[in-house]
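Enquirer: The structure's right below; bear with me while I get my questions together.
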Amino acid sequence: MSIIIKSASKQDIKSSEITTETDYLNRRDFIKKSGILVSAAWAGGLSLPASAKSSDYGNDYPGLKKTAYGKGENLTSFKDATTYNNYYEFGTGKKDPAKKAVNFKTDPWSITVEGEASKTGTFHLEDILKHAQVEERIYRFRCVEAWSMTVPWVGFSLADMLKRFEPTSKAKYVQFETLYDPKQMPGQVRRVLDWPYRDGLRIDEAMNPLCFMATGIYGRDMPNQNGAPIRLVVPWKYGFKNIKSIVKIKFMEHEPVCTWNVTGPKEYGFYSNVNPDVDHPRWSQATERALGSNFWEPKTKTRLFNGYGEQVAHLYKDMDLTKYF
Ligand SMILES: Nc1nc2c(c(=O)[nH]1)N[C@H]1C(S)=C(S)[C@@H](COP(=O)(O)O)O[C@H]1N2
Ligand SMILES: [Mo]
């Protein structure tokens, strides 16, 4: 069965129900002037993380639910998190995405669901969001290149969304795909990667409560360079599993094609769980450096599963993590 849901685009909802950009800027201005530096959302109980600058926060999600995930973590600044990105569709330099994704059109946006599920079809992002329990979670994020960052992500549980598509018993894996649009994504003009960018998870990994579909960071809508309008965050895996600008979700019986895995099978495994004991063939994974820290500060030790072992180690109980890296 295939269903297609139609509704107003994000643009429509925004202009009629929320605020214009000018209102928004004025409000932020007002907040700054009146000395109320903390967004309304923070009034709800959990306090601002010690390392957070209130000016890093926006208020695109008024009343955003804060959660205990990542409480007490040191946050990477909004600036660092949005000017040092991997997003090859907009160039291979870390500073490219911030410059080249400025005009990327993320609205209207829809996601096509295919494969082993009973509710497949194309869904407007707004309809997906309408059912979503949006909240904030602070997650550590670890790139295979050994830098890490920690930001407050805005989004919702991947499992909650996937269940609504009613995957069949044959759905053993799920694959995600990024938009392919070389007119907008200049990096796609050359075959730097096998476009479109694809990645995937085993279904039990995908259903783990930690997996998060993110639509924002720091209380703001997702910056284009970080994967607007919607991207995956799987905090116990290396950065490249966290696919950006998702347009397709496919439930599959067999292990899906993953772009980095096919590009360099010896360097990027299907699982790519953060693991200090399994080195990348060209460098060690034993240590990491937090984005924004100074080069003279000591590196920190990489933690197995990026520190999320309690929640996810059971998924790999009988697996040789050196073989299934
Ligand atoms: N579509 C797409 N998604 C992607 C990438 C990419 O090049 N294209 N890079 C990945 C890598 S290697 C990392 S480390 C993270 C970076 O996310 P960030 O820019 O929000 O830190 O995005 C991942 N998702
Ligand atoms: Mo990465």
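Glycine is no exception: its Cβ is also placed from the backbone N, Cα and C atoms.
For Asn85, Tyr88, Glu89, Cys143, Thr178, Asn226, Arg231, Asn242, Ile243, Lys244, the entry in TrEMBL reads Mo-molybdopterin binding site. Among the features that TrEMBL reports, domain 'Oxidoreductase molybdopterin-binding' is placed at 104-258.
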Enquirer: To see if you understand the setup: which same-chain residues, six or more apart in sequence, place their Cβ under 8 Å from that of Thr178 (Mo-molybdopterin binding site)?
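Expert: Result: Glu89, Pro196, Tyr197, Arg198, Ile243, Lys244, Ser245, Ile246, Val247.
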Enquirer: Which chain-mates of Arg231 (Mo-molybdopterin binding site) that are at least 6 residues away have a CB under 8 A from its CB, listed by sequence?
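Expert: Spatial neighbours, sequence-distant, of Arg231 (Mo-molybdopterin binding site): Met213, Ala214, Met222, Asn242, Ile243, Lys244, Ser245, Ile246.
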Enquirer: Counting only residues 6+ apart in the same chain, whose Cβ is under 8 Å from the Cβ of Asn85 (Mo-molybdopterin binding site)?
Expert: Lys94, Asp96, Pro97, Ala98, Gln225, Asn226
Enquirer: Can you tell me the mean pLDDT for the domain 'Oxidoreductase molybdopterin-binding' (104-258)?
Expert: 98
Enquirer: According to DSSP, which of helix, strand or coil covers Ile243 (Mo-molybdopterin binding site)?
Expert: coil
Enquirer: Return the single residue from the binding-site residues list (Glu89, Ile243) that has the minimum number of other CB atoms within 10 Å.
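Expert: Across Glu89, Ile243, these binding-site residues, the one with fewest Cβ atoms within 10 Å is Ile243.
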